[in-house]
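Annotated Mg(2+) binding site per TrEMBL: GLY190, ASP304, THR308, in sequence order. As annotated by TrEMBL, transmembrane segment applies to 12-34.
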Amino acid sequence: MQQPDPKEIMILNRIVVFSVIVFFIIIAAIYLLFISGKTGQYSDFEDYIFGTYVRIRISSKINPSTISKAIFAEMKRLEKKFDPYVESSIIYKLNHSEDWVEVDDETLSVIDLALKIARDTEGAFDPALGRLIQLWGFSKFTEREATGTFTVPSASEIAEAASKSGYQKIAIDYVNKKIKTNGAWIDLGGILKGYALKRAYQIAKEFDKSCHGFVETGGQIMILGPKYNKTNWVIGVRDPRGQPGENITIVYLSEGSVATSGDYERFFIVDNVRYHHILDPRTGYPANKAISATVISNDPVIADAFSTAAFVLGEDRWLFTRTVFPKYGAEVLLVTPKKRLLRTDNFKIYEMSDR
Ligand code: AMP
Ligand code: MG
């Protein structure tokens with residue numbers, strides 16, 4: 001019998017090893033193709049609305065540009081409709097009418113929700129501070145900042161505007177779909193971005209239920225779906241006394257919304273005192289018992305309004321915030337004026353990366 005040639009065996013072995021390697025490379029390539037096909041590439045879009053940049057990062061089987069355009073158009077519609085200082089808006093009409101004003105369903109439900117949140121937060125969130133916001137100059141912030149024409153109103157001016165403000169003055173007639181402001185001015189600045197993000201989510205999901213990514217407006221993010229459809233988004237919470245990009249903590253979220261209200265967003269300084277845009281309805285002055293408040297909630301409207309409220313309640317009324325806010329689905333991180341971090345019990349969970 002003939003003995004096998006050792007050289008031939010070696011060559012055969014090499015061919016087998018080579019084939020196995022090629023086989024695995026092909027399998028890996030197919031796997032990678034499959035994965036990338038499933039997650040898709042993200043597309044980014046940006047527009048300037050609500051006095052801030054709105055960013056959309058989205059992956060969808062529908063044209064992402066079509067979805068983004070629809071979202072931006074909706075946000076611009078809301079900006080126009082609810083701007084209290086533009087004569088054509090429904091809010092201007094309500095604020096400048098002494099009588100009942102007939103409103104559409106959307107206006108009624110947004111104002112109704114804002115009033116409910118005012119009651120739930122014992123008035124810390126107050127959607128009827130328009131007169132005070134205008135007096136302080138925050139209704140024309142961009143222009144004032146450009147011209148440097150900020151002044152601190154006098155104590156009597158503040159007392160006068162405060163006496164004509166407050167959510168208790170707003171009345172709703174649900175039967176006839178009418179609202180009466182009784183001299184107070186509605187300003188939905190503390191809830192409107194959250195409502196716009198809620199609409200953004202609805203629009204994106206109407207186009208494509210399985211789209212994923214996020215929409216970001218100034219200090220708030222609404223998640224459309226997990227990163228690559230499988231992992232958490234890593235979201236930095238800004239250090240209120242740091243530069244943009246410097247974080248005080250990081251949260252990991254695959255759904256819902258996170259909003260931050262801070263005294264660094266819109267402010268001016270006179271005689272070394274910082275005056276910012278979040279007012280304490282009890283005093284008529286900027287709230288000064290916190291420097292930032294962050295709320296995580298599944299509902300972006302809750303995240304927005306409750307972050308403003310948590311800021312106003314501040315360190316002094318923290319026990320109320322930490323006891324009551326989670327009942328409304330709002331988990332809070334408060335940064336006190338001395339930069340102490342206060343958290344509701346479940347907030348910590350979002351700071352863990354390996355959930
Ligand atoms: P945010 O940045 O969400 O905290 O909202 C701040 C905006 O809400 C301000 O620019 C005002 O238009 C409005 N605002 C100020 N103070 C209050 C308050 N106490 N409650 C509700 N809205 C407020
Ligand atoms: Mg807010």
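Placed from the backbone N, Cα and C atoms, the Cβ positions cover glycine too.
Overlay of TrEMBL feature records on the structure.
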{"residue": "GLY190", "record": "Mg(2+) binding site", "Cβ neighbours (10 Å)": "28"}
{"residue": "ASP304", "record": "Mg(2+) binding site", "Cβ neighbours (10 Å)": "32"}
{"residue": "THR308", "record": "Mg(2+) binding site", "Cβ neighbours (10 Å)": "27"}
